[in-house]
Amino acid sequence: MSIDHDDLEEANPQTRKPLNNGNLSPGVQTYLERHSELSLDNTAAFRSVRRIPPPAGEQSVRLGNAYEFYKNLEFFSGYWIDTSLPPGTEEEKQKLYENSETPPPPTHLQTHVRTGSGDQLPPDYRQHLLTAFVKLVAYDFGCNVSLPRCEPRLSVTPLSPAAPSTYFSSGCTFIYRSPTDRASARAGIVEGPLATLSCRTATTFSIQDEQLDLAREVVAVLLTAQQRARGGKAEKRFGEGKWWTEKKRWGGGPGGPIGREVDKVEVLGVGEKMETDSITSMKATSTIGPSPAKRTKKERAPGNMSIYDNYRKLTPPSSTWDRKARYEAIGKLPGQAFDDIFLVSALNHHISIVRVSVPTGLLDALDGKPDAEWGRVCMWRSKWYDLFLAKERIEAMQMVWGMMGYLMRKIETPPAPDIGSGLQLEAGTKMDVD
């Protein structure tokens, strides 16, 4: 359904739906703005980013909220070929300058200047590009993309108490909901996570590498499900209550010097011996001239030994729970036996939206509960969208818009059935609630 520009302001309030943070969702007007910003030509957008004057007869384009996205996409064009350009454009341009007497423009006035190959792209560039793209939609829904303050780890507790627990780390980032009260927002409080973002640096795939890349996506999904399931629970730190985090080292004895402390003890022993031997000589020479300057405290202390003191302290490993995070399964129906986890996956200059249904029983099995049923993990993946192509990045924006709208929707509590009215619901009967 198309909406005329004159009727846009009137139709916009009708397309805004209530969200679970108490606000309204962005309407059709915001959607059309994002659609227009992502429809710009790459070359014209790169000129605006690099502040290159447009050709005669053309005007500079306004990037608006998509400035950060195009800035990072321009970085990509230095390592990856812009697929929006016709094939052979760069070669034809180079031949034109070689056969012409006119010298080519300087590098700072050109776009699509290659500086390396795709496998030489710094990993941060891909992370910044994906973050800027997702933020275009997440901000309008009252959310943000944030780096985790604690290392994301998938904790695995075996069923046998004799087997040690382990974990798998991941370099993913998360989409969090921003709190609506100003005090919590200033304190850096985040809520969620809603979804996760995963960027990988691999450029070539064999069968084994493809399986490893899929495993990285699964690890990111499962650890996101674990964090969403932390709501209302208390943290149990890894190794808490175990003997190897409470008993003293060396069988309970005080132990001796370690590391550079051994050298320090030897130096002190030699110094005391030399001091007793030189007392008489110091007395003899004290009347000849002034005594030498005393050594400073910094000189007497040949190093900071706090690292050894920390080694002697036995404590569990560092916490994996963010103190400023309010863990909550946002978007999950109450009592649902599974949780829908969304992953925005990035490879090369493409992104894909992955939806995984993680059963609650699988999370219980990962926590080491003996009678937990693993259930079945179902995964759906969209196609890979090329961010260099305007049509495909608009389709990717639509997918992210739908993902955010689903997770941030306001879930109405179903009314309790009136027992006195004689209405009875049989087991397994579905009831639609408007």
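From the backbone N, Cα and C atoms, a Cβ is placed for every residue, glycine too.
Automatic prediction, not curation, is the source of TrEMBL annotations.
Under the heading compositional bias 'Acidic residues', TrEMBL lists 1-10. Per TrEMBL, compositional bias 'Polar residues' is recorded for 12-26, 108-118. Summarising the annotation, TrEMBL assigns region 'Disordered' to 1-26, 90-120.
Remote same-chain partners of the compositional bias 'Polar residues' (108-118), defined as residues 6 or more beyond its termini with a Cβ less than 8 Å from a stretch Cβ, comprise 43, 46-47, 50, 52, 74, 77-82, 85, 90, 203, 348. In the compositional bias 'Polar residues' (108-118), the DSSP tally of helix, strand and coil residues is 3 helix, 0 strand, 8 coil. Taking DSSP states H, G and I as helix and E and B as strand, the compositional bias 'Polar residues' (12-26) has 3 helix, 3 strand, 9 coil.
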